[in-house]
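Note sheet for the following structure.
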Amino acid sequence: MSHLCKAAATAGCTRGALAPTAAAAFLRHASSRSRSTRNITTRAAAPGANGSSSSSSSSYDYDAVIIGAGSAGVRAARTAAEKGARVAVVELPMAFLSSADKGGVGGTCVLRGCVPKKLLLFATEFKSEIESAKGFGWTGASAGELDWGGFMAAKREELSRINKGYKEGLDSAGVELLEGRGVVKGPHEVEVDGRSITTRNIVIATGGQPSHIPIPGAEHAIISDQVLELEALPKVVTLIGGGYIGMEFAGMFARLGCEVHVVARQSLPLAPRFDKEVCEFFMEQCTASAGIHMHMNCNPTDIIREADGSLTVKLAPAEKKDSSSSSSSGGGEIRGNAQVVLAVGRAAKTKGLGLEEIGVEMGPKGSVKVDAHSRTNVPSIWAVGDVTSRIALTPVAKMEGQAVGLSIATGQEVTPSYEAVPSACFSWPYVATVGLTEEEAAKKGLTFEVYSHTFSPLRAHLAARAAPDKPLQRCFVKMLTEPGAGKLLGLHMVGEEAPEIIQGFALALKLGSTKQQLDSLVGIHPTSAEEVLGLKGPVRMYKEGKQQQQDSKQEGMNNSTKAQAAGQRQAGIKAEGGKAEASRAA
């Protein structure tokens, strides 16, 4: 995810808990629905590579061999097979920790990413829920301690069940699962543990793997896979990296009462993937509400194992790319760590696949270069998912896999659409986004308006009574539109339920809805989602990418609103309906 959740990590992955047989039924149902080919367009495919091939498909062992059984590979295999293609999937034996000879059906998302991360998130949220219960009148409420070993055992059992369900889903679709290492030997040949098989098409769906940093002592650090297999909960932990993965794990460890440090070379966490103003608000909440220590504009230079077994992280100032940020910077060190986690991004997993040897063009960080239809420069070889370094999200990987599966089975090249793809970081607090950021819209030279609003969710006030020393929980929503409350260009949110809310409004953006139309909608009260409707403003206006000077009256109102919001964040006071409510009411 992730936002761990993949960021990252990871929004939109496997949900719920299904029995193995139910999981297979669910997969069959989901695959059936995917055949509606939403988010895709088709055109006649190039000859000699797929269903329109001039060569007889019977001359090959398979119509398609897919290397990798993660989200993209499974979707491609099932889609093609259910359209009548002869399909095989090659995947390494299952393990919760991936290695050169271990993997598993389900891939990163199911086994060591989105799903286990979300299960851990669920576990951490119980603690804060129980602690806040006192504010609602519950007496004797105590969170106790998380049985880390018990959670890990339950998590492994659940992942094994889902893995089994995925296998059953492939089998029910008529896909042959070949367990072993796949190596591409030619445009139509794949070798699996020494066995050569021929195929009309090859699909590379091997996903990504955690990146490393070349500093002394890096061998003492662990990667995200290992976090989800730790034997004990670390009391002090430093996460190197301020993106999806780092911030999601930081939030989870903080919820469990750990001392958490985040080291990042950028000025703001989640930047530049998220809107700058969103990132600024998010960092305020990370430090004030979550108690996370943010070491921004810093680079780790060394990780030292001390005599007592603890780890010390040495820091040095990083070159500032954004001098406007007020975030901390500098050197120093972080001592007493039980664990140091490398969360510095991911790279495509292509080493040893044999792609370069047969002339497949490669991209940055070992990624596979593809065209708009996910085809490489070798016409019979395709690539989907994180291995292509496009948008590293599970739902996107599934969309790409479906498109390639249809292309192979039907002979019509399918083009996936990347319009209005929402994403979320399951951090503390949650962050979600869809569409353009303010910076992206300005860079494109667009004429647009910016609306924003800060609020506290209803439950926050009573919950705050249980912890009067902590600031009131705050949420933030931001909208970009064409002039005159026109077409939606972007929507961003920080706070509880943000991913669920943005997921719903993403459809409005994709369908070209306007702010005026949203404002005419009657919301459900009391909800956080209704805060998106009827946003006042605009707080800023742009013409052809340049911010415009507003009239003095409007500018004064906007400055007053900004000052009030800043004061509320510091004092923990919420303005609602023109009245100020003390956040620490007796």
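Glycine is no exception: its Cβ is also placed from the backbone N, Cα and C atoms.
Caution: TrEMBL annotation is automatic and unverified by curators.
Here TrEMBL has G241, G242, G243, Y244, I245, G246, M247, E248 binding NAD(+), and the candidate from G137, G140, G144, G345 in that same listed site is G345. TrEMBL names the disulfide partner of C109 among C5, C114 as C114. Annotation for G345 (NAD(+) binding site): spatial neighbours P210, S211, G241, G243, I245, criterion Cβ-Cβ under 8 Å with sequence separation of six or more. M247 (NAD(+) binding site) and C109 (disulfide bond) have their C-alpha atoms 17 Å apart, to the nearest angstrom. DSSP assigns G345 (NAD(+) binding site) to coil, not to a helix or a strand. When Cβ neighbours within 10 Å are tallied across all protein chains shown, the highest count among the binding-site residues G241, G243, I245 belongs to I245. According to its DSSP assignment, G241 (NAD(+) binding site) is coil.
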